[in-house]
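Feature annotations, reproduced from TrEMBL:
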type	residues	note
TRANSMEM	23-42	transmembrane segment
TRANSMEM	54-72	transmembrane segment
TRANSMEM	93-113	transmembrane segment
TRANSMEM	125-144	transmembrane segment
REGION	155-175	region 'Disordered'
COMPBIAS	155-167	compositional bias 'Basic and acidic residues'
TRANSMEM	187-208	transmembrane segment
REGION	226-245	region 'Disordered'
DOMAIN	259-405	domain 'Oxidoreductase molybdopterin-binding'
Amino acid sequence: MVDKRQGWLKYPFGKKLKRLHKWNAWVILLLAITGIMLYLPFLRRYVAPFRVNLKLVHIYLGYVSIFLLLLYTPLLTKHMKQIWKRVNHRNNLRFVLFIIIGWSVSGIILAFYRHFPDVWSSTALIFHDLFTFVGIPYTVYHAISRSRWLKKMDREERKTRDQKKNLDGTQPLAPKKRETLMSRRKFIRLSAGGLLVVAVAPFFYGWLGRIAGFSGESLLKQTKRDGNHMVPQPEPAPGSLPPKGGGANGTFRMYTVTDVPAFSSDTWSFTIDGLVDHPLTFNWKEFLNLPQKVQVSDFHCVTGWSVYHVTWQGVPLSYLLKKAGVKNKAKYVKFYSGDSVYTDTLTIKQAHMDDVMVAVLRDGKPIPQDYGGPSRLIVPEMYGYKSVKWLNRMELIDQPWTGFWEKRGYKKNAWYRG
Ligand SMILES: Nc1nc2c(c(=O)[nH]1)N[C@H]1C(S)=C(S)[C@@H](COP(=O)(O)O)O[C@H]1N2
Ligand SMILES: [Mo]
């Protein structure tokens, strides 16, 4: 009988495995490249113009990877049986499957973050990172240790040694002793593994530090490293220290699309201008003398992470708007960052929401320079990209203005649930 099946179905088992292995290698490589580009903090500003599309590509590659996994599933049992006796291969397969399934599950939660509780996506993001920190070095190691040239080197080394021995008239080596002949390959494998661990360790340490909320340096050192020199420091109001929210639960991922700007109370100023009755400029001391409020709120970023019960202290935006006197013509508030690049807007109505403020204290402490200190906008009802860091100017305008991330594809509708 003629086999009428076409393409994939017609392939013999071995060929299917080989094909899947090759495709999987390519997809994982592309996922790694796009994923690392999305992750690395110092690439953020360069990736910004195409970040939204890059993320889409990463997600679609993820679907391809899941599709390959589905094609592989019917072959799994036979494949396992085939390699059962080779412990290394067996463990490799198990580990690779574990990583790919981990990537897939956490990836799907992240891709559909709006449909899951936010705790899911922030947890999924941590696992997605974690699987990457283990999976990528392992894959690279796997590629090196199983590479053709290493196998070839191994074979040639063995051949020459065997030949030598035979010329001497001695017996070929017993299989057990052969192990020692692999020293060169083993050496390369070990050093490759070592180098990989050394290369990834600092990134992992940085990540772990940020996730677990330790950064390998004491709070005192951190404060000293802080490039802002603001005198005096804001006075914590009751409820701010100790934070009435009990202290933030979760960690902020430090995001910036510029170098982190530094400020000093000698030169820092805060301006409200545009369509207002009284344009205002405050120096640091004057700004701190404005009435402040303490508030507890959650903070959500579209990349999947959330921080809960953050206690903020700052000047309510509605107070600033009232003081400057918003003209009837004004429709939007445009926010400027002291990094001179980042901007965003709110409608006048949104800007009057109760919990929108220019924060100066986070959990009772001055906002660190990296996280927008000395003063940042907080819009808890919306995704984090509205919360402009290093905020030092508000302009009242009558024409719409598209903010930094909205210009680059983020949704104009930034409502967290809505
Ligand atoms: N000036 C400035 N403000 C910014 C950003 C930025 O890159 N530059 N990133 C925004 C985004 S997308 C988020 S999620 C939050 C992150 O705040 P964090 O760096 O304190 O975690 O800041 C927002 N404000
Ligand atoms: Mo964000």
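Keep in mind that glycine also has a Cβ here, set from the backbone N, Cα and C atoms.
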Secondary structure composition of the region 'Disordered' (226-245) [DSSP: H/G/I, E/B, coil]: 0 helix, 1 strand, 19 coil
Same-chain residues at least 6 beyond the ends of the transmembrane segment (54-72) whose Cβ lies under 8 Å from its Cβ atoms: 8, 16, 20, 23-24, 27-28, 30-31, 34-35, 37-38, 47, 100-101, 103-104, 107-108, 111
Long-range Cβ neighbours of the transmembrane segment (23-42) (under 8 Å; 6 or more residues past either end): 51, 54-55, 57-58, 61-62, 64-65, 68, 72, 100, 103, 129, 132, 136, 139, 143, 254-256
Number of helical, extended and coil residues in the domain 'Oxidoreductase molybdopterin-binding' (259-405), per DSSP: 25 helix, 62 strand, 60 coil
